[in-house]
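According to TrEMBL, the protein has these features:
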DNA_BIND  134-232  DNA-binding region
DOMAIN    5-120  domain 'Response regulatory'
DOMAIN    134-232  domain 'OmpR/PhoB-type'
MOD_RES   54  4-aspartylphosphate
């Protein structure tokens, strides 16, 4: 079986080597980049299975690289941020920009490996889906196509990240069900829930913003206070 390949983008040589060592010991192949610019060049040559990304990088910043990966490069792969910047605003902006997860330094190697494993497992499950789920889910003006993983409002395709799509898929499949943040995190991220409210909240906020841009007249996702979220 092919080994997953991880792109490590970290300008601190010691941390970069540490991450490489623990990933290789856990059975992964790695590519190392020490700046955002170098990482972008490497991404033009080969596509890894996951990016492990610092934000404070020489040249192109981590935030700029996320924008490039999700925008002009149009790559649909997990991005895990690993940064010393622990402020809530920084985390929110990274997740809004297209990161899938955010860990702060100093880190425990076991947690890094667990987050990498969970992200890759989720990506593999979604990428390996067959056409058995060909039903089109419709809600108001929104259409969701599981076989192609497309979301549209009156023919206008929404540009959703993997996790944004997965959240919307859960909600629209059972529009009367209220999903708690814990429910959403465990089903979408496929990992244990450790109070990851901000991660879920940011993805819900992104979904609302993108849907509202296509249909500003209607509400699609409702907050059920004290419980979670459901279709409106």
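Quick reminder: no glycine exception, Cβ is built from N, Cα and C everywhere.
Long-range C-beta contacts of residue 54 (4-aspartylphosphate), restricted to its own chain and to partners at least six residues apart, with a cutoff below 8 Å, comprise 9, 10, 11, 12, 15, 62, 81, 82, 83. Mapped onto DSSP helix, strand and coil, the domain 'Response regulatory' (5-120) counts 54 helix, 23 strand, 39 coil. Helix, strand and coil counts from DSSP across the DNA-binding region (134-232) read 38 helix, 23 strand, 38 coil.
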